[in-house]
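What TrEMBL records for this protein is below:
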TRANSMEM  39-58  transmembrane segment
TRANSMEM  85-106  transmembrane segment
TRANSMEM  135-153  transmembrane segment
TRANSMEM  185-206  transmembrane segment
TRANSMEM  226-244  transmembrane segment
TRANSMEM  251-267  transmembrane segment
TRANSMEM  302-322  transmembrane segment
Amino acid sequence: MAFFTLLFLASSAEAHVKWFAAYAVAESPRPPSGTLDSPWFWLALSLVLVFFIGASALERGSRGSGILERIDRWTAPLWSRADDFVRVTVGAFFVALFSVGGVYLTPELRTSSEWVSWAQLLIGALIFSRRTMPLAALGIIALWLLALRDYGLFHMLDYLALGVGVAGYLALEPFAGWRRHRFTLLRGAVAIALMWSSLEKFAFTGWFYPLIAEKPYLTLGLPADAFIQMTGVAEFTLGVGLIWTPLVRRFSALALLVIFTAAVYPFGRIDLIGHGLLMTMMVTIAADPTREIRMVPAVRRTVAGIPAGITAALVVFSLAYWGMHAALYGTAGGVKTHLQQAALNLIPAAADADRRTALILVGAATPHSHLAENPDPAGSREHRH
(Lines of atoms letter the chains of each structure in order from A and count residues from 1; the text may use other names and numbers.)
(Lines give C-alpha, C1' and ligand atoms only; values in the text may rest on other atoms or scores of the structure.)
Protein backbone atom coordinates (compact mmCIF):
# COMPACT_ATOMS: atom_id res chain seq x y z
CA MET A 1 0.00 0.00 0.00
CA ALA A 2 2.85 2.36 0.86
CA PHE A 3 4.43 1.69 -2.54
CA PHE A 4 1.19 2.62 -4.32
CA THR A 5 1.11 5.84 -2.29
CA LEU A 6 4.61 6.53 -3.60
CA LEU A 7 3.34 5.97 -7.15
CA PHE A 8 0.49 8.41 -6.53
CA LEU A 9 2.97 11.00 -5.34
CA ALA A 10 5.06 10.39 -8.43
CA SER A 11 2.04 10.94 -10.68
CA SER A 12 1.58 14.35 -9.09
CA ALA A 13 5.15 15.40 -9.86
CA GLU A 14 5.70 13.69 -13.18
CA ALA A 15 5.09 16.81 -15.24
CA HIS A 16 8.44 17.96 -16.60
CA VAL A 17 9.24 20.96 -14.40
CA LYS A 18 10.87 22.86 -17.28
CA TRP A 19 7.50 23.00 -19.04
CA PHE A 20 5.76 24.82 -16.20
CA ALA A 21 8.17 26.66 -13.90
CA ALA A 22 11.22 28.93 -13.81
CA TYR A 23 14.64 27.32 -14.06
CA ALA A 24 18.27 28.13 -14.86
CA VAL A 25 20.30 25.17 -16.08
CA ALA A 26 23.65 26.81 -15.30
CA GLU A 27 22.97 27.30 -11.58
CA SER A 28 25.00 25.20 -9.17
CA PRO A 29 23.28 21.89 -8.42
CA ARG A 30 22.58 20.72 -4.92
CA PRO A 31 25.38 18.31 -3.88
CA PRO A 32 24.50 14.59 -3.69
CA SER A 33 25.08 14.69 0.07
CA GLY A 34 21.94 16.79 0.39
CA THR A 35 19.95 13.86 -0.97
CA LEU A 36 21.80 11.16 0.94
CA ASP A 37 21.15 13.00 4.21
CA SER A 38 17.39 12.95 3.63
CA PRO A 39 15.42 10.22 5.46
CA TRP A 40 12.70 10.58 2.82
CA PHE A 41 15.13 9.43 0.14
CA TRP A 42 15.92 6.27 2.09
CA LEU A 43 12.26 5.65 2.90
CA ALA A 44 11.33 5.85 -0.78
CA LEU A 45 14.25 3.63 -1.74
CA SER A 46 13.16 1.05 0.84
CA LEU A 47 9.62 0.99 -0.57
CA VAL A 48 10.98 0.49 -4.07
CA LEU A 49 13.23 -2.36 -2.93
CA VAL A 50 10.19 -4.08 -1.41
CA PHE A 51 8.42 -3.77 -4.77
CA PHE A 52 11.39 -5.12 -6.73
CA ILE A 53 12.05 -8.00 -4.35
CA GLY A 54 8.37 -8.94 -4.14
CA ALA A 55 7.91 -8.88 -7.92
CA SER A 56 11.11 -10.86 -8.44
CA ALA A 57 10.09 -13.48 -5.87
CA LEU A 58 6.68 -13.77 -7.52
CA GLU A 59 8.32 -14.13 -10.92
CA ARG A 60 10.61 -16.94 -9.77
CA GLY A 61 7.82 -18.76 -7.94
CA SER A 62 5.32 -21.24 -9.30
CA ARG A 63 2.87 -18.48 -10.25
CA GLY A 64 5.36 -16.33 -12.13
CA SER A 65 5.18 -18.05 -15.49
CA GLY A 66 1.39 -18.20 -15.26
CA ILE A 67 1.14 -14.45 -14.64
CA LEU A 68 3.41 -13.70 -17.58
CA GLU A 69 1.42 -16.01 -19.85
CA ARG A 70 -1.84 -14.29 -18.86
CA ILE A 71 -0.32 -10.89 -19.58
CA ASP A 72 0.84 -12.26 -22.94
CA ARG A 73 -2.70 -13.36 -23.80
CA TRP A 74 -4.24 -10.04 -22.74
CA THR A 75 -1.74 -7.97 -24.70
CA ALA A 76 -1.31 -10.25 -27.75
CA PRO A 77 -3.70 -8.25 -29.99
CA LEU A 78 -1.78 -5.05 -29.23
CA TRP A 79 1.65 -6.64 -29.57
CA SER A 80 0.76 -8.08 -32.98
CA ARG A 81 0.17 -4.50 -34.17
CA ALA A 82 2.83 -2.84 -32.01
CA ASP A 83 4.67 -1.28 -34.95
CA ASP A 84 1.48 0.23 -36.32
CA PHE A 85 0.63 1.55 -32.85
CA VAL A 86 4.05 3.16 -32.41
CA ARG A 87 4.11 4.67 -35.88
CA VAL A 88 0.62 6.15 -35.57
CA THR A 89 1.25 7.66 -32.14
CA VAL A 90 4.69 9.03 -33.07
CA GLY A 91 3.16 10.54 -36.21
CA ALA A 92 0.33 12.04 -34.16
CA PHE A 93 2.90 13.45 -31.71
CA PHE A 94 4.65 15.37 -34.48
CA VAL A 95 1.35 16.63 -35.85
CA ALA A 96 0.53 17.88 -32.33
CA LEU A 97 3.89 19.68 -32.19
CA PHE A 98 3.05 21.30 -35.51
CA SER A 99 -0.30 22.42 -34.08
CA VAL A 100 1.32 23.88 -30.95
CA GLY A 101 3.88 25.69 -33.11
CA GLY A 102 7.14 27.38 -32.22
CA VAL A 103 8.81 24.42 -30.47
CA TYR A 104 11.56 21.89 -31.11
CA LEU A 105 10.52 18.31 -30.33
CA THR A 106 9.00 19.14 -26.92
CA PRO A 107 6.80 21.90 -25.46
CA GLU A 108 9.54 23.80 -23.61
CA LEU A 109 12.15 24.12 -26.37
CA ARG A 110 10.82 27.33 -27.89
CA THR A 111 11.91 28.65 -31.28
CA SER A 112 10.87 31.60 -33.40
CA SER A 113 11.62 29.73 -36.64
CA GLU A 114 8.32 28.95 -38.32
CA TRP A 115 9.87 26.36 -40.64
CA VAL A 116 10.59 24.09 -37.65
CA SER A 117 6.86 23.48 -37.18
CA TRP A 118 6.50 22.55 -40.85
CA ALA A 119 9.53 20.26 -40.61
CA GLN A 120 7.84 18.42 -37.74
CA LEU A 121 4.67 18.04 -39.78
CA LEU A 122 6.81 16.56 -42.58
CA ILE A 123 8.43 14.14 -40.10
CA GLY A 124 4.97 13.00 -39.04
CA ALA A 125 4.07 12.34 -42.68
CA LEU A 126 7.31 10.46 -43.41
CA ILE A 127 6.61 7.98 -40.62
CA PHE A 128 3.68 6.40 -42.44
CA SER A 129 5.82 4.76 -45.13
CA ARG A 130 8.58 2.29 -44.32
CA ARG A 131 10.66 3.64 -47.17
CA THR A 132 10.71 7.14 -45.70
CA MET A 133 10.98 6.25 -42.00
CA PRO A 134 14.80 6.58 -42.03
CA LEU A 135 14.34 10.12 -43.38
CA ALA A 136 12.05 10.87 -40.43
CA ALA A 137 14.80 9.55 -38.13
CA LEU A 138 17.32 11.92 -39.73
CA GLY A 139 14.86 14.77 -39.29
CA ILE A 140 14.54 14.07 -35.56
CA ILE A 141 18.32 14.04 -35.10
CA ALA A 142 18.66 17.25 -37.14
CA LEU A 143 16.07 19.06 -34.99
CA TRP A 144 17.81 17.86 -31.82
CA LEU A 145 21.09 19.29 -33.12
CA LEU A 146 19.42 22.61 -33.94
CA ALA A 147 17.95 22.78 -30.44
CA LEU A 148 21.42 21.96 -29.09
CA ARG A 149 22.70 25.15 -30.74
CA ASP A 150 20.07 27.21 -28.90
CA TYR A 151 19.88 25.45 -25.53
CA GLY A 152 23.26 23.87 -24.85
CA LEU A 153 24.41 20.32 -24.23
CA PHE A 154 23.40 19.81 -20.60
CA HIS A 155 19.85 20.97 -21.24
CA MET A 156 19.50 18.82 -24.34
CA LEU A 157 20.76 15.68 -22.60
CA ASP A 158 17.24 15.48 -21.13
CA TYR A 159 16.03 14.63 -24.62
CA LEU A 160 19.02 12.77 -26.09
CA ALA A 161 18.16 9.21 -25.10
CA LEU A 162 14.50 9.43 -26.06
CA GLY A 163 15.31 11.23 -29.32
CA VAL A 164 17.94 8.65 -30.25
CA GLY A 165 15.58 5.85 -29.22
CA VAL A 166 12.71 7.03 -31.41
CA ALA A 167 15.03 7.87 -34.30
CA GLY A 168 16.75 4.49 -33.92
CA TYR A 169 13.41 2.70 -33.97
CA LEU A 170 12.39 4.52 -37.16
CA ALA A 171 15.76 3.78 -38.78
CA LEU A 172 15.81 0.06 -37.87
CA GLU A 173 12.18 -0.92 -38.42
CA PRO A 174 12.25 -1.07 -42.25
CA PHE A 175 15.33 -3.35 -42.41
CA ALA A 176 14.76 -7.07 -41.84
CA GLY A 177 18.28 -7.72 -40.56
CA TRP A 178 18.09 -5.04 -37.87
CA ARG A 179 14.44 -4.66 -36.98
CA ARG A 180 14.53 -7.33 -34.26
CA HIS A 181 16.57 -4.86 -32.16
CA ARG A 182 14.15 -1.95 -32.53
CA PHE A 183 12.13 -2.43 -29.34
CA THR A 184 15.20 -3.31 -27.27
CA LEU A 185 16.77 -0.03 -28.36
CA LEU A 186 13.57 1.87 -27.64
CA ARG A 187 13.17 0.30 -24.20
CA GLY A 188 16.77 1.05 -23.22
CA ALA A 189 16.49 4.63 -24.45
CA VAL A 190 13.32 5.24 -22.44
CA ALA A 191 14.94 3.78 -19.32
CA ILE A 192 18.00 6.01 -19.69
CA ALA A 193 15.83 9.07 -20.35
CA LEU A 194 13.79 8.49 -17.18
CA MET A 195 16.82 7.85 -14.99
CA TRP A 196 18.63 10.92 -16.29
CA SER A 197 15.72 13.35 -16.06
CA SER A 198 14.77 12.15 -12.56
CA LEU A 199 18.07 13.44 -11.18
CA GLU A 200 16.98 17.07 -11.54
CA LYS A 201 14.65 16.41 -8.60
CA PHE A 202 17.75 15.83 -6.47
CA ALA A 203 20.12 18.34 -8.10
CA PHE A 204 17.72 21.26 -8.64
CA THR A 205 15.07 20.82 -5.98
CA GLY A 206 14.38 24.56 -5.97
CA TRP A 207 12.94 24.43 -9.48
CA PHE A 208 9.94 22.55 -8.11
CA TYR A 209 9.04 24.97 -5.30
CA PRO A 210 7.01 27.38 -7.49
CA LEU A 211 5.05 24.47 -8.98
CA ILE A 212 4.26 23.16 -5.50
CA ALA A 213 3.30 26.65 -4.33
CA GLU A 214 0.90 26.91 -7.27
CA LYS A 215 -0.55 23.40 -6.73
CA PRO A 216 0.03 22.56 -3.04
CA TYR A 217 -2.45 19.66 -3.10
CA LEU A 218 0.06 17.63 -5.12
CA THR A 219 2.17 16.84 -2.07
CA LEU A 220 -0.64 15.16 -0.06
CA GLY A 221 0.46 17.18 2.95
CA LEU A 222 4.11 16.10 2.81
CA PRO A 223 6.89 18.67 3.16
CA ALA A 224 7.97 19.94 -0.26
CA ASP A 225 11.48 18.47 -0.01
CA ALA A 226 10.13 15.07 1.04
CA PHE A 227 7.69 15.04 -1.86
CA ILE A 228 10.35 15.94 -4.42
CA GLN A 229 12.87 13.41 -3.08
CA MET A 230 10.39 10.54 -3.03
CA THR A 231 9.07 11.20 -6.52
CA GLY A 232 12.63 11.37 -7.83
CA VAL A 233 13.35 7.93 -6.37
CA ALA A 234 10.16 6.51 -7.89
CA GLU A 235 10.97 7.84 -11.36
CA PHE A 236 14.60 6.69 -11.29
CA THR A 237 13.97 3.19 -9.99
CA LEU A 238 11.02 2.53 -12.29
CA GLY A 239 13.38 3.50 -15.11
CA VAL A 240 15.73 0.79 -13.84
CA GLY A 241 12.75 -1.57 -13.74
CA LEU A 242 12.27 -1.17 -17.50
CA ILE A 243 15.53 -3.06 -18.12
CA TRP A 244 15.06 -5.62 -15.33
CA THR A 245 13.40 -9.05 -15.48
CA PRO A 246 10.22 -9.56 -17.56
CA LEU A 247 7.64 -9.24 -14.78
CA VAL A 248 9.39 -6.31 -13.09
CA ARG A 249 9.74 -4.68 -16.50
CA ARG A 250 6.05 -4.99 -17.27
CA PHE A 251 4.92 -3.91 -13.80
CA SER A 252 7.25 -0.89 -14.03
CA ALA A 253 5.86 0.05 -17.44
CA LEU A 254 2.28 -0.19 -16.19
CA ALA A 255 3.13 1.88 -13.10
CA LEU A 256 4.76 4.56 -15.26
CA LEU A 257 1.79 4.55 -17.64
CA VAL A 258 -0.52 5.21 -14.68
CA ILE A 259 1.81 7.96 -13.43
CA PHE A 260 2.02 9.77 -16.78
CA THR A 261 -1.72 9.44 -17.40
CA ALA A 262 -2.60 10.76 -13.93
CA ALA A 263 -0.32 13.78 -14.45
CA VAL A 264 -2.40 14.94 -17.42
CA TYR A 265 -5.33 16.04 -15.21
CA PRO A 266 -3.49 18.66 -13.11
CA PHE A 267 -1.15 19.80 -15.90
CA GLY A 268 -3.34 19.61 -18.99
CA ARG A 269 -2.77 19.44 -22.73
CA ILE A 270 0.91 20.44 -22.70
CA ASP A 271 1.72 17.54 -20.41
CA LEU A 272 -0.26 15.14 -22.62
CA ILE A 273 1.64 16.24 -25.72
CA GLY A 274 5.01 16.29 -23.98
CA HIS A 275 4.63 12.84 -22.45
CA GLY A 276 2.70 11.32 -25.33
CA LEU A 277 5.71 9.44 -26.66
CA LEU A 278 6.61 8.07 -23.23
CA MET A 279 3.05 6.89 -22.67
CA THR A 280 3.18 5.08 -26.02
CA MET A 281 6.45 3.40 -25.07
CA MET A 282 5.03 2.28 -21.73
CA VAL A 283 2.17 0.51 -23.51
CA THR A 284 4.52 -1.30 -25.89
CA ILE A 285 6.93 -2.28 -23.10
CA ALA A 286 4.06 -3.68 -21.02
CA ALA A 287 2.85 -5.68 -24.04
CA ASP A 288 6.31 -6.97 -25.03
CA PRO A 289 6.41 -10.77 -24.38
CA THR A 290 10.21 -10.98 -24.63
CA ARG A 291 11.58 -13.14 -21.83
CA GLU A 292 15.34 -12.74 -22.15
CA ILE A 293 17.26 -9.51 -22.57
CA ARG A 294 21.04 -9.80 -22.81
CA MET A 295 21.87 -7.13 -20.25
CA VAL A 296 23.64 -8.21 -17.03
CA PRO A 297 21.30 -11.26 -16.77
CA ALA A 298 23.15 -12.88 -13.85
CA VAL A 299 22.73 -9.80 -11.64
CA ARG A 300 19.05 -9.45 -12.43
CA ARG A 301 18.21 -13.03 -11.48
CA THR A 302 19.30 -12.76 -7.84
CA VAL A 303 17.68 -10.94 -4.92
CA ALA A 304 21.06 -9.50 -3.93
CA GLY A 305 21.37 -8.13 -7.44
CA ILE A 306 18.40 -5.80 -6.90
CA PRO A 307 20.00 -3.36 -4.41
CA ALA A 308 23.34 -3.81 -6.18
CA GLY A 309 21.84 -2.96 -9.56
CA ILE A 310 19.89 0.07 -8.31
CA THR A 311 22.94 1.33 -6.39
CA ALA A 312 25.20 0.91 -9.41
CA ALA A 313 22.73 2.77 -11.61
CA LEU A 314 22.45 5.62 -9.09
CA VAL A 315 26.22 5.93 -8.81
CA VAL A 316 26.87 5.84 -12.56
CA PHE A 317 24.12 8.29 -13.47
CA SER A 318 24.90 10.64 -10.57
CA LEU A 319 28.59 10.77 -11.49
CA ALA A 320 27.64 11.48 -15.10
CA TYR A 321 25.03 14.12 -14.19
CA TRP A 322 27.01 16.12 -11.63
CA GLY A 323 30.27 15.54 -13.52
CA MET A 324 28.82 16.78 -16.81
CA HIS A 325 27.38 19.87 -15.13
CA ALA A 326 30.71 20.64 -13.46
CA ALA A 327 32.58 20.15 -16.74
CA LEU A 328 30.27 22.53 -18.59
CA TYR A 329 29.60 25.18 -15.93
CA GLY A 330 32.26 24.75 -13.26
CA THR A 331 31.79 23.89 -9.60
CA ALA A 332 31.51 27.36 -8.04
CA GLY A 333 28.95 30.09 -8.26
CA GLY A 334 26.16 29.42 -10.71
CA VAL A 335 23.22 31.54 -11.79
CA LYS A 336 19.66 31.98 -10.66
CA THR A 337 16.64 33.22 -12.50
CA HIS A 338 16.42 37.01 -12.45
CA LEU A 339 13.34 37.05 -10.23
CA GLN A 340 14.76 34.55 -7.74
CA GLN A 341 17.98 36.55 -7.43
CA ALA A 342 15.96 39.73 -6.92
CA ALA A 343 14.04 38.05 -4.11
CA LEU A 344 17.27 37.05 -2.40
CA ASN A 345 18.67 40.56 -2.72
CA LEU A 346 15.57 42.01 -1.06
CA ILE A 347 15.89 39.81 2.02
CA PRO A 348 19.63 39.35 2.63
CA ALA A 349 19.29 38.87 6.36
CA ALA A 350 16.34 36.51 6.30
CA ALA A 351 16.50 33.00 7.67
CA ASP A 352 16.83 30.12 5.21
CA ALA A 353 13.18 29.13 5.60
CA ASP A 354 12.05 32.69 4.88
CA ARG A 355 14.34 32.91 1.87
CA ARG A 356 12.90 29.67 0.52
CA THR A 357 9.36 30.97 1.07
CA ALA A 358 10.23 34.11 -0.89
CA LEU A 359 11.57 32.01 -3.74
CA ILE A 360 8.40 29.94 -3.77
CA LEU A 361 6.20 33.03 -3.89
CA VAL A 362 8.27 34.73 -6.58
CA GLY A 363 8.35 31.57 -8.69
CA ALA A 364 4.63 30.99 -8.24
CA ALA A 365 3.93 34.48 -9.52
CA THR A 366 5.66 33.60 -12.80
CA PRO A 367 5.12 29.86 -13.20
CA HIS A 368 5.45 29.82 -16.97
CA SER A 369 8.80 31.55 -17.44
CA HIS A 370 12.25 30.07 -17.68
CA LEU A 371 15.80 31.22 -18.35
CA ALA A 372 17.81 29.14 -20.79
CA GLU A 373 21.55 29.01 -20.44
CA ASN A 374 22.56 30.28 -23.88
CA PRO A 375 22.07 33.98 -24.66
CA ASP A 376 20.83 34.80 -28.12
CA PRO A 377 22.48 37.52 -30.23
CA ALA A 378 19.94 40.08 -29.06
CA GLY A 379 20.63 39.51 -25.37
CA SER A 380 19.42 37.08 -22.75
CA ARG A 381 17.14 34.32 -24.00
CA GLU A 382 14.21 34.44 -21.61
CA HIS A 383 11.24 32.52 -22.94
CA ARG A 384 7.71 32.91 -21.69
CA HIS A 385 4.88 30.60 -22.60
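Along the chain as shown, residues are numbered 1 onward.
Glycine residues also receive a Cβ, built from the backbone N, Cα and C atoms like all the rest.
Note that the structure is predicted; figures quoted are calculated from it, not measured.
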Hey, which of 85-106, 135-153, 226-244 has the most Cβ-Cβ pairs under 8 Å against the transmembrane segment (39-58)?
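The listed stretch sharing the most Cβ pairs with the transmembrane segment (39-58) is 226-244.
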Would you mind listing the long-range same-chain contacts of the transmembrane segment (135-153), meaning Cβ under 8 Å and 6+ residues beyond its ends?
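Sequence-remote neighbours of the transmembrane segment (135-153) are 25, 104-105, 109, 111, 116, 119-120, 122-124, 126-127, 159-160, 163-164, 166-168, 170-171, 324, 328, 372-374, 376, 381.
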Which listed stretch (226-244, 251-267, 302-322) has the most C-beta pairs under 8 A with the transmembrane segment (185-206)?
226-244
